[in-house]
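Trainee: Below: one structure in structure tokens.
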Amino acid sequence: MAKAVLLLSLSLLLLPFACPAQLAKEFCVADLASSDTPAGYPCKPQAAVTADDFYYRGLGTTGPAINPFKISLSSAFVTNFPGVNGLGISAARVDFAVGGVVPLHWHPAATELIFVLEGTLSCGFISATSNRVYTKTLYKGDLMVLPQGQQHFQYNLGNTTAAALSTYSSYNPVVQTLDFALFANNLPSEVVNKVTLLDELEVRKLKALFGGTG
């Protein structure tokens, strides 16, 4: 009992030194004129912070189209919403045309929570350890969580447009999309053929579609 009390006392004494940056600041609005770091953007000077740094209306409208996937994406990441810097949260909106698809992709450092605003989506992810697939049909008002680092996808199942809101456990979730990783680079087509077993002519066709070379 005495040992437990001693350990608790030591923990309480060390607490002020455990996370000095978090304890010293309520928030750290991103100074976007500086470079991003693994710990986030440097803090904007407190005197320069305004309410606009914590406000964003960019998800109220359809974002830029992403071809050839028949979707549009608008994001609220730190690069356009500096108030989320270091807070471990961000968001995005995806609008799906009929036949629209968010292709296989993953976020190495963020879990995603998807909420269907309109329409019907198929949503799923592939376990990184077992390759087991988890899929659900999502309707308006449904939620699905996509664990960090797992390859996942969504596509429009209906005959009308669909829309979804995603939130992330990162202020700036890194997105790695399988199609772009394979076909939007200068890796020679014969190498892609060897490492994927895809037909080389199909690889060249896909490289032309996604802007790759080689």
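From the backbone N, Cα and C atoms, a Cβ is placed for every residue, glycine too.
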Trainee: Disulfide partner of CYS28 per TrEMBL: which of CYS43, CYS123?
Mentor: CYS43
Trainee: What whole-number Å value do you get for the CA-CA distance of HIS152 (Mn(2+) binding site) and CYS28 (disulfide bond)?
Mentor: 31
Trainee: Reported as an integer number of Å, what is the Cα distance between HIS107 (Mn(2+) binding site) and CYS43 (disulfide bond)?
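Mentor: The separation of the Cα atoms works out to 25 Å.
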Trainee: May I ask for the distance between GLU112 (Mn(2+) binding site) and CYS28 (disulfide bond), taken between their Cα atoms and rounded to an integer number of Å?
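Mentor: Each residue's Cα considered, GLU112 (Mn(2+) binding site) and CYS28 (disulfide bond) end up 23 Å apart.
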Trainee: For a three-state summary based on DSSP, what are the helix, strand and coil counts in the domain 'Cupin type-1' (57-204)?
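Mentor: Counting residues per DSSP class in the domain 'Cupin type-1' (57-204), I get 25 helix, 59 strand, 64 coil.
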